[in-house]
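K.L.:
Got a structure for you, questions after.
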Amino acid sequence: MNMHIVCSSKQMTRLLHTILFFSAFVIYADSEPVQFCKKKCPVEVTKGVNGLEKVTLTQNKGSSVEVYMYGAHVTSWKNDQGEELLFLSNKAIFSPPKPIRGGIPIVFPQFSNLGPLPSHGFARNRLWVRDDYHHPDTVRVADGVFVDLLLKPTEEDLKIWPHRFEFRLRITLTPRGELIMASCVKNADTDGQPFTFTFAHHTYLSVSDISKVEVKGLAKLDYLDNLQNRTRQTENRDTITINSQFDNIYLSTPKKIEVLDPEKKRTIVIQKEGLPDVVVWNPGEEKAKTIEDLGEGEYKNFVAVEAAAIEKPVTLKPGEEWEGRLEFSTRRL
């Protein structure tokens with residue numbers, strides 16, 4: 001028996017439209033990623049400088065955060081008005097294995113030269129991956145947008161630091177524009193050996209002029225002066241101001257530090273847990289001239305205020321975890 005399929009002109013037109021639509025979709029999908037968000041995606045993965053992958057977090061009111069997978073490096077944090085709150089050098093090098101100058105580099109597993117590794121360890125110049133594992137951060141942010149990242153040692157890393165670890169990092173942007181960084185480091189060694197590390201978020205805060213900025217919350221504390229062979233001294237000022245090269249490690253600090261910028265009429269508030277120390281750093285005019293990836297005069301436009309664990313290194317037995325939490329917010333003066 002012969003069967004005939006008869007299509008009306010309207011049916012044929014619909015069929016052709018359907019074929020053309022899916023053909024166009026396949027061609028487009030094969031050439032570049034397709035975005036399905038009707039509005040701007042709250043979490044968007046794109047290519048950044050030199051083709052390095054980056055994740056952008058955005059909130060409805062306009063605040064945003066940019067994170068490069070290289071180093072799990074936050075390079076931008078903007079408020080609702082689009083004002084940049086972090087400093088990023090115009091000469092920053094986005095080319096592995098060079099670290100990126102500015103933003104928030106992650107210093108792990110060694111701060112500065114306090115150990116056998118290259119200065120500031122290797123986490124800041126490794127490629128991290130997105131992590132589908134449930135992050136241990138127990139503080140939930142309603143309507144916060146976030147990305148979970150993971151770093152594990154490569155075989156090359158194990159040759160210079162023979163310890164297996166899992167470093168999980170959740171970066172969250174809240175509806176009010178606060179930036180939260182929650183870290184969890186686990187000793188994943190199976191040979192029963194503990195390991196010890198030091199850590200810092202080497203945060204470069206954008207300021208109008210370093211000489212006009214005030215750092216509050218560190219009065220009467222002991223500190224190690226890195227410009228004087230880490231001699232231990234006591235801060236006798238209520239408010240820290242910087243007019244030349246400055247490099248102090250403040251010890252056993254309070255949970256809240258404030259950076260006041262009268263010209264920008266704002267205060268950046270830093271709140272932290274599990275990070276007892278704070279480094280305050282600026283290279284000053286002369287030292288800045290020796291830093292190849294720092295533009296001329298750029299030292300005036302940032303202060304590094306680094307939440308850290310330095311004086312008392314963290315020791316983890318196999319299976320143990322350490323958590324650190326850092327939150328940035330702003331308020332108007």
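Cβ atoms here come from the backbone N, Cα and C positions, even for glycine.
No curator has checked TrEMBL annotations; they are predicted automatically.
Copied straight from TrEMBL:
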SIGNAL    1-31  signal peptide
ACT_SITE  H202  active site
ACT_SITE  E306  active site
K.L.:
Which Cβ among the active-site residues (H202, E306) has the fewest C-beta neighbours inside 10 Å?
P.N.:
H202
K.L.:
E306 (active site) to H202 (active site): how many Å between their Cα atoms?
P.N.:
5
